[in-house]
């Protein structure tokens, strides 16, 4: 045994010595070859090369500056939004939009006090291409189609006729005031005043959403003001480009007016057509995603954004394109995609639009501190007064005409809320920011007046509208879930009214709605909805949707929720 151990240890030592000799030999060979090939690498390649210590830690902020600052802004906006809702006393008194603007003012002021140059964060490209689309897509995708279509005539009257009235009333009277001696504004011409009127007269959808969702106003008033803020985009875009073009040309001919009307039709209808085309493409693509569920939400976002960019490329209404795209694709996409994809679309859109809205108001405050201002008491105060007066006169005058054709009349309280809810926002500021300094030397004064009007509507009107709604006892929104019983009665009334219209020979909107539904069921659903789901009756589809939603709620609550006994079984439904 001892002899075997000795032999084993001897062989181990021999192997170790052999390995050491080989290593020494190889090292000498490598060094010799290295010396032969490059006698002095450092002196040959870099004559003045001096070896430095290897950097253990280094700083390269410029490499990550842009994404880092974007992330900081988003984080600040999210923390501010979170903080406001942790203080219920503050959020119940002051609208969130007002608080966010104050945060922007404080941030801009701190940057300026620190001696740094405040960045122009709210430039027009960032606003129109990055921040606005998610808010409008969220509004269009979840737009309540039935109340919107039932009140489309009233909405169009406020959006088209009302915006035109406000633009010419404010612009014309501002020009008259500027010609008064002592105002020192005689150099301001008529066309720039009309251009300013078209910018300042449009109701802003972002500001309306931010305030009206907090006061929980009833569905009719909400859809009237919010629908107006969405559809007046086409009027604002056309007036803006027309007056900008006319200001450069210096004269307006009757042919220019005719071309302006044609341009309005092309901008509005073209935007709707572009959005509808992309919505149909999104719905058709979702037919084939049953094996790749992960990318289903991506098609909703990308097709919608492509619709917006395509419309903007041709100077069409990007907002109307997004609204049309979201409204067209939603019923077909939801029938094709999975429940998880639907949840992803819903919450990602809500998150994206909420962050964009928060950033817009913070950036508005920062831009107020950053930008140069030209304060003129006469111009600013007259702008604020004229905007209020024109809004009141426009709403009261148009409602007098509208009520002659409406079944449900707009009361005096309703008119007051519609007039008082005409808030201005960042769209007006961004359009003013786009003005050419060479064509419009009064651009800085215009921007100062626009910011003042935004602050007045958001702070004064936005903060006082909730107490006024409570004081006037305006009807609030009822948070009630739709039931099968309600759906049955709604469909029964639709069919009954369609039959009455057919018997009377009066083809109203119920008749054309029924024709559209039949065409949709016979042709469009067959092309855009996968499988046999397109044959499913609307009532059964609604029942399945409600049943699935209740099942999800039951699972999430841990089985503690009892399903309502009023819900019929699958057998009785069939």
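Cβ atoms are placed via backbone N, Cα and C, with glycine included.
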Given ranges 336-353, 354-371, 480-497, the stretch to which TrEMBL attaches the annotation transmembrane segment: 354-371
With TrEMBL as the source, which of 258-284, 285-311, 501-527 is set down as transmembrane segment? 258-284
Which is it, of 155-177, 546-568, that TrEMBL names as transmembrane segment? 155-177
Taking contact to mean three or more C-beta pairs under 8 angstroms, with sequence separation of 6 or more, is the transmembrane segment (415-434) in contact with the transmembrane segment (314-333)? no
Using a Cβ-Cβ cut-off of under 8 Å, list the residues of the same chain that are 6+ residues beyond the ends of the transmembrane segment (258-284) and lie near it. 231, 234-235, 237-238, 241-242, 299-300, 303-304, 306-307, 310-311, 314-329, 332-333, 336, 527-529
Are there residues at least six beyond either end of the transmembrane segment (155-177) with Cβ under 8 Å to its Cβ atoms? List them, or say none. 148, 183, 185, 188-190, 193-198, 200-203, 223-224, 227-228, 230-232, 235-236, 239, 378-379, 382-383, 386-387, 389-391, 393-395, 397-398, 401-402, 418
Out of 126-143, 189-211, 314-333, 354-371, what stretch is closest in contact terms to the transmembrane segment (446-469), meaning most Cβ pairs under 8 angstroms? 189-211
